[in-house]
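What TrEMBL lists as transmembrane segment is 18-36, 42-59, 71-98, 193-217, 253-273, 280-308, 314-331, 343-361, 367-387.
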Amino acid sequence: MDDPTGADAAPPAPDRDGLHGGLLLVLTLVAVGAALRAMAPVLIPLVAAVLIALAAMPLRDAVRRRVPRRFGWLGPLAALLVMLAVIVVFTMGLWLAARQLVAATPVDAAGIAEAMAARQDAGRGALAAAEAAAERALTQEKEGNGHPGDSEASASLLQALGSGTWISPENLRLLIERFGDQALAAAGGVATAVLNATAAIGAGVVIVLFFAFLILLESDDWKRKIRVASGWHTAGMLLDAADTIAVRVRSYFLIQGGIGLVTAALYVGWLWLWGMDLLLVWGAITLLLTFIPTVGALISGLLPVAYALLTQDFATALAVGAGILVIEQVMGNVVEPRMQGHNIALSPLVILVALFVWGWLWGIAGALLAVPITVSLVVLGAHVPALRPWALMLTNRTTYEGLDAVTGQDGGDAR
């Protein structure tokens, strides 16, 4: 009689179903990512319109309650006009900031050269950098890409550097005029591109607003269609999720916009105390980048410090950086978590990953929409039984009770 527990017993068969399921999940994610990236021109305005419409629904409902039923279309129209006013004001601010940046760049390289010449010490690092710049100038002149007459100046500069003598203020001025303002003018090039893209941005805004207006106009009809098509239980689940998403998205935009305005005002006030230029530029950049988690704060803080280092002295740049660091620590680590923590309830790691994923898929628009999109996916997943484990993984909660508390399914505030 054979002994099934003996040494000759066959090993257990591998779990092929689990392996196949994992591979299928990976392939599905890759396919969805490719589709999202390919359909970006269509999906970006549509998703933005949905989020804007969700944020504007209370205004629509408030107007509808105050007018006769046959004039119910005034609700979506009022919401559309308010959205248009907000977008126009914000866009005009960015446009004026870009114009100011274009007018201010390239900066006065001669003035920067004089300031640097007065502060420079004879260091090997500075000599090596200047020598490399002069060599590049000679190479460009030989290839026909340089400016006429620059080769002689660069050659004399190389000769002085090679002999180990300190660079004179005149040669330093020449070097910075030729190479320094090229780096500083890069910001002006970006601003010029923004100005040149005004027409395309305007067309995109019109499309988004038109989509949002239609969503506000037809949302009640779509609710009835969902109830008829999917049954009362499923429809109730989906509509509850939609209501919670609307509340979360609306709160996110309002709170984050308020935090951005306060942060921008503090930045501008601090920079004004130190005699910095381009205050409108720094304020607009800070407000816009407030909607990009982590990376946005880093960029909006480093840019004015770099500008102060190039246009003023090191001590001023250090003071500017210290003040910005204090402002960012208070706003980012004290104010924002208290005001936004329960509303978003995403893991910091998830926020950063979502930022890079959506930024890779949809560019700057994806980075701006990363948080509200991820919050919407978490709320939707929390209302669908099969997706609840995935929704829990994306939040900063550790239990399903905590997940329900932040997704509108429980009145408590479970942690």
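Every residue gets a Cβ built from N, Cα and C, even glycine.
Note that the structure is predicted; figures quoted are calculated from it, not measured.
For the transmembrane segment (253-273), the neighbouring stretch richest in Cβ pairs under 8 Å, chosen from 18-36, 42-59, 71-98, 314-331, 367-387, is 314-331.
Fewer than three CB pairs closer than 8 A are found between the transmembrane segment (71-98) and the transmembrane segment (314-331), and contact between the two stretches is not assigned (pairs 6 or more residues apart). Within the chain carrying the transmembrane segment (367-387), a Cβ under 8 angstroms from the stretch's Cβ atoms is held by residues 44, 47-48, 51, 237-238, 240-241, 244-245, 248-249, 252-253, 291-293, 295-296, 344-346, 350-351, 354-355, 357-359, 394-395, 403-404, 407-409, all 6 or more beyond its ends. Remote same-chain residues near the transmembrane segment (343-361) are listed as 33, 36-37, 40, 248, 251-252, 255, 292-295, 367, 369-371, 373-375, 378, 394-397, 406 (criterion: CB distance under 8 Å, separation of at least six residues from the stretch ends). Within its own chain, the transmembrane segment (42-59) has Cβ neighbours under 8 Å at 36, 75, 78-80, 82-83, 204, 207-212, 215-216, 219, 245-246, 249-250, 253-254, 362, 365-366, 369, 372-373, 376, counting only residues six or more beyond its boundaries.
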